[in-house]
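Here the structure comes first, spelled out in structure tokens, and everything after it is commentary.
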Amino acid sequence: MAATALMDGELGSLVKVSAAAWAAMSYARLAASRLLPGAPRLAALLPVVALLYAAPFAFSTSTFRGTSAFFLTWLGSFKLLLLAAGQGPLDPALSLPHFVCSASLPVKLRQPSDAKEKTVPAVTAGGRAPARVLLCAAVIPAIIYSYQFKNSMSWYQLLALYTAHIYFSLDLLLATVHTVIHDALGMEMEPQVDRPWLASSLRDFWGRRWNLMVPSILRPSVFRPVRACLGGGGSAAATAAAVLATFLVSGLMHELMFYYIMWNKPTGEVTAFFLLHGACAAAEGWWASHAAWPRPPRALAVPLTLAFVAGTGLWLFFPAMVKGGLDEMVLNECQGMVALMEQVGRRLAGATDLVSSTM
């Protein structure tokens, strides 16, 4: 009963946070439409940014805190800071529903000027999203069930379990958002995950295949400004420094996400993970800039890339989750959600029986 009451309370908090986010983003749109990019617009938007950083504290469970932190604290605040500079995906000329959804959710709208050949994959992706939701909804319970056997698993088996959990949870989240926004508002969105198991380099994995909303925000907010300040795109050193700065910011934001989720002080391991990947991605770019230098064949590059991501994740990324007891939190919360859904089902069944008996 306690778990059911907890999840029931979280749904109430979700309604309140959603209403607050809608009101805050409506104000942000109004302020951006009245003020030119620069200091005045930034000053007007900073209270909304502060609200977005406070929003996850409204929730008691790691699932809702983590989701709201990713949607609002990270992506939402970065989009508003870009809007203050007159950049990024937000535009006060967008209709209110489109602006609020674009600001509050991990979506990137397709531009009308995109090539026609890009329109066909968008429709296909929109049609596939419900199937992805059903697939993830079927797989995730099996993953949650497997956690009770984790004490008898090897580190490599746990790595496979954690990796599958992260992938299917993120895909479920993004596919659900895609389906709702596509069906409710008719908005076409760019894909957010593109077969990461086919990545042939770290730059390919992080920049073009995994959680693509993040790099699309970090490029204009971190990478391009740092590179411009250090000499522009013609300098290899400036590009490498910009790559490192981008991965550093990503690592720090991941540390913040972990804090919201688990209430544990940052350990620095996740930041070290992203800095290591940033250094290696910069080295990849330096090597690729020499056209005459050899490249590994794709058949070799793909397994090497995946092995590096998995090995460094096992070393630096996943220990932070295990030490924080995230798997136990998720297991307990999933049990509470299942109990709540069963309770709602029984109430609906009882209401249906009552209506039938009175007819």
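Note that Cβ sites are derived from N, Cα and C of the backbone, with glycine treated the same way.
Record note: among 71-90, 211-230, 331-350, 71-90 is the stretch given as transmembrane segment by TrEMBL. Counting Cβ pairs under 8 Å to the transmembrane segment (300-322), the top-ranked stretch among 42-59, 71-90, 129-147, 159-181, 240-263 is 159-181.
Away from its own ends, the transmembrane segment (71-90) comes close to residues 17, 21, 25, 28, 32, 36-38, 41-42, 45, 48-49, 52-53, 55-56, 99, 102-106, 108-109, 213-214, 216-218, 220-221, 253, 256-257, 260 of its chain (Cβ-Cβ under 8 Å, at least six residues beyond either end).
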